[in-house]
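Annotated in Swiss-Prot:
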{"type": "CARBOHYD", "residues": "44", "note": "N-linked glycosylation site"}
{"type": "CARBOHYD", "residues": "125", "note": "N-linked glycosylation site"}
{"type": "CARBOHYD", "residues": "209", "note": "N-linked glycosylation site"}
{"type": "SITE", "residues": "193", "note": "site 'Hg(2+)-sensitive residue'"}
{"type": "TOPO_DOM", "residues": "1-17", "note": "topological domain 'Cytoplasmic'"}
{"type": "TOPO_DOM", "residues": "36-52", "note": "topological domain 'Extracellular'"}
{"type": "TOPO_DOM", "residues": "72-97", "note": "topological domain 'Cytoplasmic'"}
{"type": "TOPO_DOM", "residues": "120-139", "note": "topological domain 'Extracellular'"}
{"type": "TOPO_DOM", "residues": "161-168", "note": "topological domain 'Cytoplasmic'"}
{"type": "TOPO_DOM", "residues": "189-214", "note": "topological domain 'Extracellular'"}
{"type": "TOPO_DOM", "residues": "237-272", "note": "topological domain 'Cytoplasmic'"}
{"type": "TRANSMEM", "residues": "18-35", "note": "transmembrane segment"}
{"type": "TRANSMEM", "residues": "53-71", "note": "transmembrane segment"}
{"type": "TRANSMEM", "residues": "98-119", "note": "transmembrane segment"}
{"type": "TRANSMEM", "residues": "140-160", "note": "transmembrane segment"}
{"type": "TRANSMEM", "residues": "169-188", "note": "transmembrane segment"}
{"type": "TRANSMEM", "residues": "215-236", "note": "transmembrane segment"}
């Protein structure tokens, strides 16, 4: 673990997560700010709200796809603690790198939200993209929504980035971006769609409002962990040997292996 800490590539990856997170949050939350959703649901207002939801969803999805294409080769472009946790559990990164990524993501989100706070200071009712529960949505329901939308995102990420596969066609960043957009189309009306604890953290810090903030950490982390475990142990199994996993978690990324067609085969993992 100490040897990885000294590598330049390690710090380049952490810096890439920080900078890409700033751009992602600035673009996506910036697209959402200024939309004053009406209280009364008249016909023309409902159409306007639907259009705004599509705008925000596309902004989140396209910005993630853009950042993934830009820095994916440097850091993997996680840009989400839930994705980082999923990659950790599927033995794609070490524990040290996961911790540093999450710190970088949270700091990047705070910086981006602070920039937006200055730029949009003249907006009325400026929530800075703060996540919260819609009227009539309970904490348990909101938690369930966050778990499910993050589950589909992390399942997509670990599946399309599985280096043992050779059947992935098309653009991987685009697939992940569409998954992010899909999650927002589903969840915006219920929770504002967190699906990303760091993104939610930035807004909560700048607005000093942590009401129900735990939902936007617990939900995505449960969803991300569940997706990685189900993919890694059921859908496309690797080794179940804890010793091998511990070596990867302490020494870094694993080598590439072929995904055997036999459902009963476990793929051995070794640290580089």
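Backbone N, Cα and C atoms are what each Cβ position is placed from, and that goes for glycine too.
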Exercise for the section: Across all the protein chains here, work out how many other Cβ atoms are within 10 Å of the Cβ of residue 125 (N-linked glycosylation site). Expected result: 7
Problem - Within-chain partners of the transmembrane segment (53-71) [C-beta distance under 8 Å, separation at least 6 from its ends] - result: 16-17, 19-20, 23-24, 27-28, 30-32, 35, 77, 79, 171-174, 176-182, 184-185, 188-189, 193
Exercise for the section: Could you tell me whether the transmembrane segment (169-188) and the transmembrane segment (140-160) have 3+ CB pairs under 8 A, leaving out pairs under 6 positions apart? Expected result: yes
Fill in the blank from the handout: Under 8 Å Cβ-Cβ from the topological domain 'Cytoplasmic' (1-17), and at least six residues away from its ends along the same chain, one finds 71, 74-79, 94-97, 100-101, 104-105, 108, 250-252
Handout entry: DSSP three-state assignment for residue 209 (N-linked glycosylation site)
Key = coil
Practice task
Quickly jot the same-chain residues contacting the transmembrane segment (215-236) by Cβ under 8 Å, restricted to those at least six beyond its ends, or write none.
Solution key: 80-83, 85-91, 131, 133, 139, 142-155, 158-159, 162, 164, 191, 194-197, 200-201, 259
